[in-house]
Every structure is written in C-alpha cells, then in structure tokens.
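Trainee: Below you will find the structure I want to go over with you.
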Amino acid sequence: CFILNNLGLRLGSIGLDCFAFLFLPVARGSVLLRLINIPFEQAIRYHVWLGHLTMLLFTLHGLLYVISWTIEGNLLKNTLMWVDLGVGHFPGVITLAIGLLMWMTSLPPVRKKKFELFFYTHQLYIIFVVFLALHVGHFIFGVSAGGIFLFILDRFLRICQSRKTVDIISIKCLPCGTVELMLSKPANLQYNALSFIFLQVRELSWLQWHPFSVSSSPLDGKYHLSVLIKVIGEWTKNLRGNILNSSGANLHLRPQTKITASVEGPYGHEFPYHLMYENLILVAGGIGISPFLAILSDILHRTREGKPCLPRNILIVWAVKRSNELSLFSTNDMELICPFFSDKLNLEIHIFVTRESQPSLEEGQVHEATNFSLPVSSNCSMSVLVGTGNNIWSGLYIISSTLGFVILLFLLDIFYINPYDISSWSYKGLLLVICMLASVFIFGGVVVGLWHFWERRNVAREAFKDDRIMVEKMQHNEIVAHMDSCQQKLTSSINTYYGSRPDFKDIFGDISEKWGCVDVGVIVCGPPSLQTSVAKEIRSQNIKRQRHHPIFHFNSHSFDV
C-alpha cells in the first residue's frame, strides 16, 4: 500500500505538470503563441497530445489509490474524505470522473461522428478546474495556475469580441452546395490570406463556433472578408437551409432571411509565409482550395500594385470528387484583379475529378450561383480586439490583469485569510481561482472597455462608411456578372483530368526537371491522407535530389478540431 500510494502521488504530480501546459495551445489569440510563431491551427495538436498524456497519468493516479484503499479495506471512507489540512479525496473523485467523460468523448471515433457531444462535454473544463483546485489546494494548484491564467485572459477577450454581431454583406450559394459569406469588418482589422475565423450563427446555436479559412485577400477590400462554407455536417446543412428553402431541384429564396452572425478572430500566422517563395505548389483537396483562392488573389493584387511579392511560378493541384465543385473557382476573377496577369505570372492549374470518368453532358454550361444581399445596419462590423495585432493594447491588458491578480491576492491575505485564520487548503484553492477570474474581469475589463472605446472612435473617423459598403457590394456583383469571361480566359491554364487521382511522383518529378535548382514552397490543405501522400513524396524527392533539382519545403494549412 505504501508503494502504491507513493507511485500514485508521483504520477499525480507529473500529471499536474502536464496540465500546467494543457491550456496554452488552445489560447487562440495568445501573445505567447504569437511570440513563438505557432498558429492556433497547428498548436491544437499539442493540446490533444497533452490531454491524452494528462488524463492517462491522472487515471493511473486515481486507480493506484483505489487499489491501495481497497487492500486496506476503507475504500468508501477514503473516497468521501474531505479534510481541511491536506488533499481532499472527494473533489479529486469528481475531477477524475469529469476528466474521463471529456477524454472519452474527445477520442477520434466519437469526436468525428458526434461532434456536438464532444463540444458540449468539453465545456465541463470549468468544473474540472474548480474541483481540481478544491482537490489539491492553493499551493499545489499554483503549479498549473500560470497556464490557466493565460487561457482566462484569452477567453475573456474572445467573449468580449464575440458579443458583437457582424453584418453579412452578401451571400452566394454555388451550384456545388457551398455557401460564400461576405462579412463586414473595420478597416483597421488585420489579417492575411492564410488566416481563419470562428463563426457563430445564433439562429442555429448559441454555443457552437466553427472554423473557416478566409477565402479573400486583405487587398480585396478594406471593409470585408469572405469565407467559403461547404455543407458537410449538420450545422452547415442547417445554415444552408436557413438561407435557402429547397424544393426538389429548384432553390427559392426565403423572404426576409435572418442570420445573426458573430465572429472570433481572425487567427493564423502573423507572417504570410506564402510570399517567402518565388516558386509555389498549392495542393488542395475539395474545399481545401478556399485558402488558396485567397493566396492567389493576394499575389495578383500585389503584382498589380507593385507591392513586395516573390511568387512568380505557381502550380495548383486540386482534387475534387465531382465536377460541380469546379464552380468554386468562379469566386476569384483573376483578370479583373490583375489584367494580363499571365504576362507577369506563370500560373498552371491541374484539376483531378476523382469520381467521374468523363466530363458530364453539362460540361461548358454556366451554372449561375444564387446571390442576394442582406440589409446592412449602421455599425455592425467585426471587433478588432483580437484581429488588430495591437501589441500596446494587448500588453496593457495582460499587465493590468496580472497586477490586479497580485493586488487581489495581497488584499485577500491581509484583510481576510490572516484575520480570520483561514487554513483550509480546498477553500484557499477556490479563492485562488476566484482571484484569477476577478482580476481579468475587473482590471483587464477596464482596459478592454477603453480598447473598445478606442475602436469605436477609429471606426467613427472612417468617412463615407455607407458609401464604401455600397461600393463593395457593387464590386461583388460585378465579379459575379464577369464570371463568364473569367472562365474563358482561365481555360488555357487549366488542365482537368477525369477518373484519376494526382500522381505526386510524376508531378514533383516533372517540376524538378522544369524549374531547376530553386527553393519551392509546397502548401497542402486537405484531408490527412492527402497531406501524408504529399509529405512522403517531398521527403523522397529531397533525399534523392540531384544538384540541378529544386528543394521542396512542406507546409500544412489544415487542422482537425
């Protein structure tokens, strides 16, 4: 029993050390992640790995104590024990039970098939943290308090940002079932072509937030950004159903369609790394073409305006299941963005339609997207609390919250704990959690309020706000009207293959002979199998490369929540 108790104690201590880092990767707008240049979509995998390891250690920790107490014959007594001085067992039992529930529902088979179950059970993390503090007390809980405090800072800022509703300037329903939303944003909200946002539609759910890659370049317009949403789940299906009323094969607009949207973000890489390479290969699967449309638009705008832009040779490899998905390219009019771009940019596009052996009879016919605009209110664009990258306000927010936390602990110790001789470990642990929350809500909240006031004054300075929204709406409609000519001009650079998948050995081998000894940036956005295939081929090409062959640099732009 002595050995089991000591081994259980050590495993619990190691688990608490892992838990200290568990919340850092999921702080989406964390200054720490920005400093080490790890975007949220890549940091999330560390949260998954740490979560598995932490719960494994906590489970073994609890199991060893249960075995020891069973041998001693006082299992029930020790399980329900909750002492003032020392570790309380009963809060630990509740913590472990909640942790196991979150762990089981986060496993890939459950998460992919029952995402809502995973999402809602993961909100129990609040109860988990509170009962962990009650279990170990203030002193031991301090080991993991730093990471939790940084997460609270980020979470409060995201709550403040997401309270604001955002205007949807226009909606376009493509023939393949994908929906394009154009969202209003202030001019000083910064993002790049590799950014993504979290979108909430309150008519569907007040709790669910879904990530979508931005499909527009920041140079497309100062006051909007766009996202492409493919119908692949219940939430996206309900979103499309809320926009359109399907009746057989015909789609009819619902009168007075109402969509109340809120946005968190944008998030992603601080630096647009697609501009680092003179030679680019963009590999996409299905809706994974969305960020590459933004990249292509960004490069074309920079080429036209003479801004710094390295890419000169671009190869796009896109695999789709059905030919109706090709309409996604209609959202990007290259000739309108940069006239005669083919004189300045070597662009080649290979499209693989995997589940059709030959072009359909409708090939060449124009399938028009369903477009309509929604009424725009006077001041409903995204909040800049996360997206500006304003280090001054972010720094003030962190410093004020941290100082507030220290001040509250000092006041609590002077005026409450010492005078009233508070000695309970569990109670002190609970007070520590309350101080963390109060410092962010009170001291950090003051800075956030001033930040929001500063944002509103900047927005108020923007002249002719209503006029520029209407101008952008007209520009959007012009793009739609210009779709036919766009498709004709792209025909020469697009090669479409039916009934086959991309042979990356041939593709990269051909590029090796054609481009010579250069650095080639390869960005992949698609399912894990596609990323694995590309990564293996790149590794193979780099290992056996000749002196006159290029060096391929692999980058992934996909993440799985």
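Note that the numbers count up from 1, one per residue, in the order the chain is shown.
Backbone N, Cα and C define each Cβ position, glycine as well.
Checked TrEMBL, it gives:
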type: DOMAIN; residues: 161-273; note: domain 'FAD-binding FR-type'
type: TRANSMEM; residues: 7-26; note: transmembrane segment
type: TRANSMEM; residues: 46-67; note: transmembrane segment
type: TRANSMEM; residues: 79-104; note: transmembrane segment
type: TRANSMEM; residues: 124-153; note: transmembrane segment
type: TRANSMEM; residues: 280-300; note: transmembrane segment
type: TRANSMEM; residues: 392-417; note: transmembrane segment
type: TRANSMEM; residues: 429-454; note: transmembrane segment
Trainee: When DSSP states are grouped into helix, strand and coil, how many residues of the domain 'FAD-binding FR-type' (161-273) land in each?
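Mentor: Going through the domain 'FAD-binding FR-type' (161-273) residue by residue, I get 13 helix, 46 strand, 54 coil.
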Trainee: Mind checking which residues reach the transmembrane segment (79-104)? Cβ under 8 Å, same chain, six or more beyond either end.
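Mentor: Tertiary neighbours of the transmembrane segment (79-104) are 51-52, 55, 58-59, 62, 65-66, 69, 110, 121-122, 124-125, 127-128, 131-132, 134-137, 140, 423-427.
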Trainee: Excluding the flanking five residues on each side, which residues at least 6 beyond the ends of the transmembrane segment (392-417) place their CB within less than 8 Å of a CB in that stretch?
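Mentor: Non-local partners: 31, 149, 153, 157, 428, 431-432, 435-436, 438-440, 442-444, 446-448, 451, 454.
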Trainee: For the transmembrane segment (429-454), could you work out the same-chain residues 6 or more beyond its ends whose Cβ comes under 8 Å from its Cβ atoms?
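Mentor: Apart from its flanks, the transmembrane segment (429-454) reaches 129-130, 133-138, 141-142, 145, 148-149, 152-153, 156-157, 160, 383, 385, 390, 393, 396-398, 400-405, 407-409, 412, 417, 422.
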